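The active site, charge relay system feature in TrEMBL is assigned to ASP151, HIS224, SER565. Positions annotated as domain 'Peptidase S8/S53' by TrEMBL: 142-614. Per TrEMBL, domain 'PA' is recorded for 382-477. Per TrEMBL, domain 'Subtilisin-like protease fibronectin type-III' is recorded for 681-788.
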Amino acid sequence: MASSASHSLLLLLLVVAAAVGGVLGGGGEERTFIVRVDADAKPSAFPTHAHWYEAAVTAAAASGGCGGEWREGGPLIHTYSAAFHGFSARMSPAAAAALAEAPGVAAVVPERVRHLATTRSPRFLGLLSSPPSALLADSDFGADLVIAIIDTGISPTHRSFHDRGLGPVPSKWRGVCSSGPGFPPNSCNRKLVGARFFSAGYEATSGRMNETAEVRSPLDTDGHGTHTASIAAGRYVFPASTLGYARGVAAGMAPKARLAAYKVCWVGGCFDSDILAAFDAAVADGVDVVSLSVGGVVVPYYLDAIAIGAFGATEAGIVVSASAGNGGPGGLTVTNVAPWMATVGAGSMDRAFPANVQLGNGQVLDGVSVYGGPALQSGKMYELVYAGASSGAASSAADGYSASMCLDGSLDPAAVRGKIVVCDRGVNSRAAKGDVVHRAGGIGMVLANGVFDGEGLVADCHVLPATAVGAAAGDKLRKYIGSSTRQAPATGTILFEGTHLGVHPAPVVAAFSARGPNPQSPEILKPDLIAPGLNILAAWPSGVGPAGIPSDGRRTEFNILSGTSMACPHISGLAALLKAAHPTWSPAAIKSALMTTAYIKDNSNGTMVDESTGIVADVFDFGAGHVDPMRAMDPGLVYDITPVDYVNFLCNLNYTEQNIRAITRRPADCHGARRAGHAGNLNYPSLSATFAADGTRATMKTHFIRTVTNVGGGRAVYRATVRAPEGCTVTVQPRQLAFRRDGQKLSFTVRVEAAAPSKKMEPGSSQVRSGAVTWSDGRHAVNTPVVVTVQAPLQ
């Protein structure tokens, strides 16, 4: 007779077999699901978890009920054992729901598809190589730390990844160097210590990849991964420039840190099951930092594969830095919002690439570009045309809207030949618009922002003389063209001015940088901070044109790109430097050091402004502020967080035990957590309170409990100063913290009282007020943002 354990095992195998075979009553179109199992639930009959999963696959094959075509290698896509335990497989939603009820299954998460979200930035951040800054010197430039880049792969032969002068590969390293087309087995070295690629999830959904357009290896055929890797840890390279712009010495944040490339992004996107496989491999390989410049929709943490993978990495002592997303300047656009990740927005530097539009009526409109080809004829004014006007520039097969956007095939060559074409921003890529104009015979292009884009500008390596202008300039340009006649046509030219340094104000919050509040847990301020992400020069593959479009046959060793994708690896590299200098610090302590030392003043001594509007930015734009690496080296105090603290946070979000187990791999006892208060009591380096303005209270109150650890080097007395948000009272108790030794922890309470709005608020509207609590001992200033949001009910 079978034992009860054998019976449970048989039941689980049958359920899993049915699920991956898609035979549980049909239940809709198959898709990929990620299955988390309890680590200790493996039946003793199987020597390893992999054998357990393989048995399920074998049972599925024997059942003969596999839904759809049998995928090469079977329906099982990946197995996971380091960041978390489980597997991914194709199944119907009904089968996934049944599998979620099986013994030993902690969670079944639907897969989502994610998308990809320097010569000046080290100097702008104070990281001087000669003489070396304190952070570089104390960390030995990040030597022996390994940064994982989860992205589009890497170009291994680029000069930024040479290994001259580096010591042996760290003994802790357990990774591999996968080979394939364009990536021979000897591609790795003492700098690029490992490389892998993960495509099974992509191919399970999209079919076998087209190997004439993509390569089944870690080789980067896109450019994004090479660019982000060199920002984090590129070696010193001179000379470096892009088409003559931004000349100087290129270097990453941690020039001696080692790199490991994990390719998960393909033509069809970046698939959760592959991203999770990369996290799993990175943890097993022994990396110290994970850099992830990939984003997507925000969902509860227990359904978010990136949040789940990042938790496993954080628990293993690995710092995870992720891009905030490029959905700005609108609110509630920030992604990668789990509190155990550093969520990074983008700012500018004090460098610009002016390319202004001179109009025939004498006006000059500010623009930016890094076009490096033959310039327009000096002194000549070219006719301007805008297909969104009644100019006849649209092709016979296109409507005015398509032509105004310069979509493929939308322009009439006879109407645009030899002219500068004005294109509205949106729908297709900025560089693709220039290609459309170029193929139609246009001599140049002006890319004009719309109202939503505001004044935010990005410099691109266009394939023809082109520049980008803001919304106000775009309106002037369209009106000028609209008022022209056949006898007096609108004319203009583009004046390329090269590279300007010492620009004011800087930094500003990039218009595209995603904004808070945190749509998943408003108690946690996101983004955490900002870093350089606008017009960043970094390494570029030799086989990809700088415009990133197939028709661009130009080649350049470095390229200038913008995005929170570029900001994220700045923080990843800086985290490696801090970890090298302070090897005992936890991931939370490192993030705390970066946040509490960030600044909010620009180089004009005013509060940073929002590029899209030109007005003062707030905490939902820049979080704690702009990173300041030199101050982060010696923060004085840090807010530390343990995995148990994160479990308590999830309890206070009212997650079920099953929800929490899906993230943390352990059962959760929430009784003590709920006695401790609310989700805002996570020991986070910011304080965020949200109140409902229901009209029933004159004042609204809450409190926060925080604990800080002394890392400033011995005895110290810190005193609190408060900058209260407008209309609020903030009290700190005690007002003084006396530390007797390094490593000592002391706690304090912050009470926030907000006055109800004096006027009735519009339904669904909100008011945001910000301030700060700063602890100072005369040598350190530990800044903690305080944000109060008053929200009116929807009705």
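Sequential numbering from 1, following the chain as shown.
Every residue gets a Cβ built from N, Cα and C, even glycine.
Note that TrEMBL annotation is computational and uncurated.
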Secondary structure of the domain 'Subtilisin-like protease fibronectin type-III' (681-788) by DSSP, residue by residue, totals 1 helix, 66 strand, 41 coil
Same chain, |i - j| six or more, Cβ under 8 Å of HIS224 (active site, charge relay system); the result in sequence order is LEU116, ASP151, THR152, CYS265, SER293, LEU561, SER565
Residue counts for the domain 'PA' (382-477) under DSSP, helix then strand then coil, are 26 helix, 23 strand, 47 coil
If you count the other CB atoms within 10 A of the CB of SER565 (active site, charge relay system), including all protein chains displayed, you should get 29
A correct count of other C-beta atoms within 10 Å of the C-beta of ASP151 (active site, charge relay system) gives 29
Over the domain 'Subtilisin-like protease fibronectin type-III' (681-788) the mean pLDDT stands at 94
